[in-house]
Each structure stands twice: as C-alpha cells, then as structure tokens.
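For reference, the structure is listed below as structure tokens.
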C-alpha cells in the first residue's frame with residue numbers, strides 16, 4: 001500500500017493531481033477541500049493516500065489531513081458508497097460538517113451533495129452513527145460521543161436551533177457528563 005506521497009506538484013486538474021516523486025509521476029484524486037489548500041505548481045506537496053485496487057485500475061486518493069483519510073476509509077466500507085462517491089462527499093462538506101450531520105441525524109444536509117439521494121443519505125446516517133465521533137472531535141471543535149448526542153438532543157428538544165446547539169457544544173469540554181454538559185451548554189446559550 002502507498003500511505004503517503006511527497007514530491008513536486010506538476011499538474012492540478014480538479015479533482016486530479018500529478019505529483020512527481022523522484023522521477024515517477026503519480027496521478028492522485030483529491031477532495032476539493034484538499035485541492036483548495038494545495039501549493040502552487042512546481043512546489044513541494046505531501047499527501048496522505050489511500051490506494052484502491054480494482055480489476056482494471058489502481059487508483060490513488062490523496063488527503064491533506066489524517067481525519068479526511070480516516071473518514072474516506074469509513075465511507076468506502078459502506079455498501080453502495082464507492083471511492084468516487086466518498087470523494088464527492090468529502091468535496092461537498094468538511095469533515096466537521098459531516099460529523100455534525102451524522103451526530104444530529106440530518107439527512108437533508110447530506111442530500112445537498114451531488115450524487116447523494118435520500119436513501120443513500122439515510123444509509124450513511126445509519127452506518128456512520130457512533131463511528132465518526134472519536135476521529136472527528138478535534139476537527140470540528142465539538143466533542144462527539146454518546147453524551148454529546150444526548151446533550152444535543154436535549155438542546156434541540158428545548159427549542160434551540162441546530163446551529164445554536166452546535167455553537168453551545170463548543171463550550172462543553174470533552175468527557176463531560178450529560179447533566180453537566182447540558183448545564184454548560186445552557187450557560188453558553190444564555191450569554192449569547
């Protein structure tokens with residue numbers, strides 16, 4: 001397996017790159033979030049990669065962060081979600097946004113991504129619930145655990161919007177229990 005590429009960026013044609021690694025040019029497909037953060041042509045670039053082997057091709061997918069690569073790996077494990085669809089999902093929303101959509105069970109946010117219909121969105125919510133939290137907590141500044149889900153559900157039940165609830169969750173330290181988390185979140189909301 002090829003886990004990382006480091007070399008000179010020769011071409012950028014979204015979503016594909018050509019990276020020269022000591023005289024060998026690797027074609028790498030990247031999500032748009034990674035693409036927008038690339039250096040200019042002729043500059044050094046380092047990407048974490050995932051190699052997909054098919055009967056007719058070996059395809060490299062590159063990522064700017066370990067979180068993106070981990071989420072990609074989780075996505076391709078889901079029945080009906082191929083590597084191209086997983087790349088489209090990561091191009092359509094950030095890792096933190098995807099985590100929050102999964103935590104809040106918001107299929108509507110997922111269906112806004114091209115190629116993701118209602119059934120696919122519901123499958124994503126079902127398959128990823130509880131799997132992404134540990135990987136993505138640091139990415140979005142919000143903890144993601146069973147306690148988080150309970151706290152978020154409590155805030156939503158009290159009539160706060162998704163946005164307000166997520167902003168309040170940023171004030172709740174990781175590992176906080178449900179009752180203390182609700183108190184801290186409500187305190188943060190009262191100050192807003």
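Yeah, the Cβs are placed from backbone N, Cα and C, and that goes for glycine too.
According to Swiss-Prot, the features are:
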- 1-64: region 'Domain I' (REGION)
- 65-139: region 'Domain II' (REGION)
- 139-142: region 'Flexible linker' (REGION)
- 143-192: region 'Domain III' (REGION)
For the region 'Domain II' (65-139), what's the model's average pLDDT?
85
With helix taken as DSSP H, G or I, strand as E or B and everything else coil, how many residues of the region 'Domain III' (143-192) land in each class?
34 helix, 0 strand, 16 coil
